[in-house]
Amino acid sequence: MMAQSNMFTVADVLSQDELRKKLYQTFKDRGILDTLKTQLRNQLIHELMHPVLSGELQPRSISVEGSSLLIGASNSLVADHLQRCGYEYSLSVFFPESGLAKEKVFTMQDLLQLIKINPTSSLYKSLVSGSDKENQKGFLMHFLKELAEYHQAKESCNMETQTSSTFNRDSLAEKLQLIDDQFADAYPQRIKFESLEIKLNEYKREIEEQLRAEMCQKLKFFKDTEIAKIKMEAKKKYEKELTMFQNDFEKACQAKSEALVLREKSTLERIHKHQEIETKEIYAQRQLLLKDMDLLRGREAELKQRVEAFELNQKLQEEKHKSITEALRRQEQNIKSFEETYDRKLKNELLKYQLELKDDYIIRTNRLIEDERKNKEKAVHLQEELIAINSKKEELNQSVNRVKELELELESVKAQSLAITKQNHMLNEKVKEMSDYSLLKEEKLELLAQNKLLKQQLEESRNENLRLLNRLAQPAPELAVFQKELRKAEKAIVVEHEEFESCRQALHKQLQDEIEHSAQLKAQILGYKASVKSLTTQVADLKLQLKQTQTALENEVYCNPKQSVIDRSVNGLINGNVVPCNGEISGDFLNNPFKQENVLARMVASRITNYPTAWVEGSSPDSDLEFVANTKARVKELQQEAERLEKAFRSYHRRVIKNSAKSPLAAKSPPSLHLLEAFKNITSSSPERHIFGEDRVVSEQPQVGTLEERNDVVEALTGSAASRLRGGTSSRRLSSTPLPKAKRSLESEMYLEGLGRSHIASPSPCPDRMPLPSPTESRHSLSIPPVSSPPEQKVGLYRRQTELQDKSEFSDVDKLAFKDNEEFESSFESAGNMPRQLEMGGLSPAGDMSHVDAAAAAVPLSYQHPSVDQKQIEEQKEEEKIREQQVKERRQREERRQSNLQEVLERERRELEKLYQERKMIEESLKIKIKKELEMENELEMSNQEIKDKSAHSENPLEKYMKIIQQEQDQESADKSSKKMVQEGSLVDTLQSSDKVESLTGFSHEELDDSW
């Protein structure tokens, strides 16, 4: 603490300049100053380059000639030179300024390959060997050195020496002969039998091989250049085609927008008319409501009296409730007091328990400290014993050395004893010779005594040697015990080491497998994400297409609200007959071509309205292959229908020609514009797509005044329609291949626009021949059966049902999607119930069609007979009533459709939830695997620690127990944190999924609001 306070005081005393100088001096002393400068310069350059990269500033454009490869090679040469020479500052500035990265620096082999130096050449080898040997010099220095040596070797020679002596010759011929002789001597002598032709053939072969190699190289170069040219031309062609396609698409979009604007204007006018009618109805309802208000006021007076009585009863009940609530409050207060007492008790118990745990912890820690102290004392004692054993070993070594010395002394004593015995023999001989026996005996006795002493000393030394040898042979018991323990410990360590290596290898394999598996799972997750994104984009596109089709169909329904009267003829068309059955054809039907034209126009339009269902069928995510198959089947069906229509049109044309001669009224009818419009809409589905022009031709045709001219126009128009039908069928036969999605959507929109224009191009009567009718009459006369009338919708729905039955081979998901589409389209089907109600009301559905023919013929004959106008007014009233019923039914159908759409959205939500659940499962499995890997690593660390503890012979069960408890606590904390992470990830995923579902639901509601 004192040192820290001193440091703070010193820092407070120092000024900024002094601190700066001190820092500078410390950096300079440590040798960090240069590196800091280079780092700061590098960072400054990067910061200055950053606004250039973001687009704020424009860098100076330096005109550099040559390719980027050569620039990179030269930059890498300079960088290598700066690095080898140790110019760190200039290198740190050069890297960011040149835009060169450390990973992108060319190697020496790359540079040599770029300079096109042959790897087999001596220059290449010398450069490579020189770079390996001379690490200090760079590639640039070595290369320049080699170039200098190469040019020095090729210097011109000023002095020459002549080795061969030339003799003076007089003539030039002799000199040439001498040169030929020298060449003949120098040239190697070949076999005499070898001819000149063989040599020439060899030269020819060599030259041909060289020419072939050169030709092959030239051909390769020519092929590469030609292929590049072809690719460039193909790119230019594709770009031109793209621009053409974009221009056509823009024109089509402009035409569509204009048509939509016209439709919007017409719908606004109808809405204004509808609002005026509604205001009148509201006024009548208001008067009725005023009468009802008077009645209600009387009832209110009665109700007030009842309410007063009820209020009195209610006050009594409130007083009872108040008393009950007061009792409940008292009970709640008592319960709160009980809870507070219990909470206090719990807190006290928890405090006691915590104190006990702390005491236990302190006791355990004290025990552990004592155990550690005892272990240390034992270790000190063991060390002392080891020191004593070592000292005993040293004593043993000393005793062994002493035994060896004693053995040497014994050998010397033996030699002395032998010498003494010899001396004794010599002395005995002398004694025999000499006469002094007494002196000799005394000397003998002394020598014997000395011998005995020496023998005793020898025996004692031998005994000591034996005892010492026994002690050396038998080691100490403590040493034996320690040796046994050491052997056991070494064996255990070897076994544990082998087990550890096996476990480590197995865990390493598991880790690699898990890593590979996790990589695969990540790739699958990325694939799932990409598929989900693509599916969401497809769903959004398909919803937009659905919205457009709904708006178009509803606009057509609003444009032409009148129902068709001829129900039996359309039922015959639904069953597959082009012309009504023979039993249902009456004389009026045959004599009135206007009715026949209406029937054929409806039949053609009903066949056309089948096509936009491709959008609805393509609403499933995996519907590309199905759509291809459906389009092929649809093309075949359209070809068959085109053939049937050709036959039907021919038969109809013959009947019209026959009936025109019989009935004079048929000539007065207006031209068959409905039929022509229907046929033109059919021909508009050909690949040329001449929709707009043909519709305009129909809408802008001048009406002819005379009857003969009208008949000619009818015949000409019907003939042109038949020829166009043939052209459309032929083009359809050719275009059997399926179109892409963009073309499908465009074609379906073009169909809808063509149908809408056919309604706009309805005929108006000629002012010269016929009088102008009343507004109600004109409405009825102009409300000829439209393209999207209910019987034709029945035809479309019947065909869709048959197609769905044919498509039963597909998956259940697609079946559900098709069912939803059928339910969505069934809202339009019930619009065809009005003709059936009319039949039930007054028309006979049996064989004679006279009433139906009369009702249909009333449209053109209304200009001549005033009695028919009254019938039309009555029919109008009936139709208005039926319209009101239809509005109610439509509302019910809209509710059903909304419920169906909600079901579809719920299914989509379920699918999204399934996808998110799968994603969560994958993430959880990955997290579990990561946990397992962490646990395995912890186990490895534990095993290492245990081995270390065993090797140190200081195992303590309490320490192990405490370590295990700490590890368990760490694992629990890690598990809790991972669980929290998983929960947060799941919450984020659920929020994302809910947002996506809400966006989908919002999109669907917006679609519904826009559609109505």
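Just so it is clear, glycine is given a Cβ too, placed from its N, Cα and C backbone atoms.
DSSP states for the domain 'LisH' (70-102), grouped as helix (H, G, I), strand (E, B) and coil, give 27 helix, 0 strand, 6 coil. The domain 'LisH' annotation in Swiss-Prot covers 70-102 and is backed by sequence analysis.
What Swiss-Prot records for 189-557 (among others) is coiled coil, and it gives sequence analysis as the kind of evidence.
Among the features that Swiss-Prot reports, region 'Mediates homooligomerization' is placed at 609-665.
Look at Swiss-Prot and you will find 615-1012 tagged as region 'Mediates the interaction with SDCCAG8'. Looking just at the region 'Mediates the interaction with SDCCAG8' (615-1012), the mean pLDDT is 55.
The coiled coil annotation in Swiss-Prot covers 622-662 (among others).
The phosphoserine annotation in Swiss-Prot covers Ser663 (among others) and is backed by a large-scale study or a structure entry.
The phosphoserine annotation in Swiss-Prot covers Ser669 (among others), and the record cites a large-scale study or a structure entry as its basis.
According to Swiss-Prot, the phosphoserine annotation covers Ser686 (among others), on the basis of a large-scale study or a structure entry.
If you look up Swiss-Prot, you'll see 719-744 (among others) marked as region 'Disordered'.
The phosphoserine feature in Swiss-Prot is assigned to Ser720 (among others).
Annotated compositional bias 'Low complexity' per Swiss-Prot: 720-737, in sequence order.
Summarising the annotation, Swiss-Prot assigns phosphoserine to Ser735 (among others) and lists experimental evidence as the type of evidence.
Taken from Swiss-Prot, the feature phosphoserine applies to Ser745 (among others).
Taken from Swiss-Prot, the feature region 'Disordered' applies to 757-794 (among others).
The annotation compositional bias 'Pro residues' is assigned in Swiss-Prot to 764-774.
Residues or ranges marked as phosphoserine in Swiss-Prot (evidence: a large-scale study or a structure entry): Ser774 (among others).
Distant neighbours of the domain 'LisH' (70-102): 34-35, 37-39, 41-42, 45-46, 49, 64, 110-111, 114, 136-141; these residues of the same chain sit at least 6 beyond its ends, with a Cβ under 8 Å from one of its Cβ atoms. Summarised by DSSP class, the composition of the compositional bias 'Basic and acidic residues' (871-904) is 34 helix, 0 strand, 0 coil.
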